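Asker: Here's a structure for you.
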Amino acid sequence: MACLKLQAVTKSYDGVTPVIKQIDLDVADGEFIVMVGPSGCGKSTLLRMVAGLERTTTGDIYIGDQRVTDLEPKDRGIAMVFQNYALYPHMNVFDNMAYGLKIRGFGKEQIRQRVDEAARILELQPLLKRKPRELSGGQRQRVAMGRAIVREPAVFLFDEPLSNLDAKLRVQMRLELQQLHRRLKTTSLYVTHDQVEAMTLAQRVIVMNKGVAEQIGTPSEVYKRPASLFVASFIGSPAMNLLDGTVSPDGRTFILSDGLTLPLEIPQPQWGGRRLTLGIRPEHIQQTTSAQGVPMNLLTLELLGADNLAHGLWGGQSIIARLSHEEMPVAGSTLHLYLPPAALHFFDTDSGLRIEP
């Protein structure tokens with residue numbers, strides 16, 4: 001095992017347009033880091049640079065104490081698991097897992113020991129003589145992970161390994177990945193576009209957007225204190241409500257575009273007259289009968305079983321409130337909603353960055 005360090009790493013294919021803007025990252029020995037973001041944000045490119053499949057434009061990559069920036073992938077001490085399983089269809093499970101070791105010149109007994117140990121960890125012993133066509137999607141992905149495990153790498157790299165699986169199997173494989181990491185404690189860098197995977201697997205999350213690491217933090221930090229409007233809108237399902245407006249001169253009221261006002265229970269006079277974006281998560285909005293509640297006309301109600309989502313408008317801007325499964329107001333009715341002060345987030349509308357009271 002080893003730590004992973006990226007120092008001022010950038011990537012540009014034409015020397016002009018940056019695909020990856022300067023990123024610095026320190027991954028501790030045994031840490032599980034997940035990079036999450038939309039398609040085209042640069043997360044897979046960054047992973048491929050760590051693997052050596054892409055060259056960095058500037059900056060350095062270290063695995064342990066070794067600078068690996070210019071080393072070939074085979075010399076970096078990494079193992080990679082891809083979205084497609086990349087199994088040899090004519091080989092059985094044992095030979096698929098053993099093939100890389102045979103190429104590297106390992107002896108038969110050493111290969112057998114490593115494959116047997118990986119098969120035990122992944123519960124693949126009964127399947128070692130089967131061909132890939134005889135396996136389910138989840139079993140094939142476990143074989144792909146086993147092929148990586150037998151290499152005993154310093155760093156595991158995962159490139160959206162669960163994307164080809166159905167929803168139920170993804171849940172199962174997430175649990176298996178968590179258990180696998182607890183057993184092996186190998187430094188891991190994992191790429192996904194699925195925020196649920198990111199939040200459930202990661203010890204720390206890197207939220208990527210247009211080649212920039214918008215925020216690096218624990219899942220709790222990213223959820224509770226998003227560093228930017230992008231992070232606030234990307235993490236959470238449904239996403240955080242974001243309302244553009246202006247703070248009144250005395251800092252006591254947030255004024256939306258059509259003049260609707262939301263009282264700020266904790267006045268912020270230092271923001272008086274400033275254009276800001278107010279954020280609050282749907283699950284933090286409370287329905288109330290009190291006069292302090294802000295009225296919202298209910299446009300539609302989504303029944304999700306465990307809870308319900310109430311959709312409406314405030315100041316011409318969409319708002320979603322998560323209600324309990326017992327609350328089933330009729331479309332067209334008026335809800336009175338309360339925004340707890342501790343649940344409010346504020347962002348500079350122009351820069352998109354979080355600001356603190």
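First residue shown is number 1, and so on along the chain.
A Cβ is built for glycine as well, from the same backbone N, Cα and C atoms used for every other residue.
Quick paste of what Swiss-Prot says about this protein:
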BINDING   Gly37, Pro38, Ser39, Gly40, Cys41, Gly42, Lys43, Ser44  ATP binding site
DOMAIN    4-235  domain 'ABC transporter'
Asker: If you count Cβ atoms within 10 Å of each one, which of the binding-site residues Ser39, Ser44 comes out on top?
Answerer: Ser44
Asker: Could you tell me which three-state DSSP class Ser44 (ATP binding site) falls into?
Answerer: helix
Asker: Note down the number of other Cβ atoms within 10 Å of the Cβ of Gly42 (ATP binding site), including every protein chain shown.
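Answerer: Its Cβ shell of radius 10 Å holds 22 other Cβ atoms.
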Asker: Could you tally the C-beta atoms, other than its own, that fall within 10 angstroms of the C-beta of Gly37 (ATP binding site)?
Answerer: 26
Asker: Compile a sequence-ordered list of residues in the same chain as Cys41 (ATP binding site), six or more apart from it, whose Cβ lies below 8 A from its Cβ; state 'none' when nothing qualifies.
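Answerer: Result: Met208, Asn209, Lys210, Gly211.
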Asker: So how many other Cβ atoms are close to Lys43 (ATP binding site), meaning within 10 Å of its Cβ?
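Answerer: 28, counting other Cβ atoms within 10 Å of Lys43 (ATP binding site).
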Asker: Around the ATP site recorded as Gly37, Pro38, Ser39, Gly40, Cys41, Gly42, Lys43, Ser44, what other same-chain residues have a C-beta within 8 angstroms of the site's C-beta center?
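Answerer: The answer, listed by sequence position, is His193, Met208, Asn209.
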Asker: Just to confirm my parser: what is the rounded mean pLDDT across the domain 'ABC transporter' (4-235)?
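Answerer: Mean pLDDT for the domain 'ABC transporter' (4-235): 94.
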Asker: Which number gives the other C-beta atoms within 10 angstroms of the C-beta of Pro38 (ATP binding site), all protein chains shown included?
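Answerer: Step by step: centre on the Cβ of Pro38 (ATP binding site), count other Cβ atoms within 10 Å, giving 12.
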Asker: Measure from the Cβ of Gly40 (ATP binding site) and count the other Cβ atoms within 10 Å, all protein chains considered.
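Answerer: Gly40 (ATP binding site) is surrounded by 13 other Cβ atoms within 10 Å.
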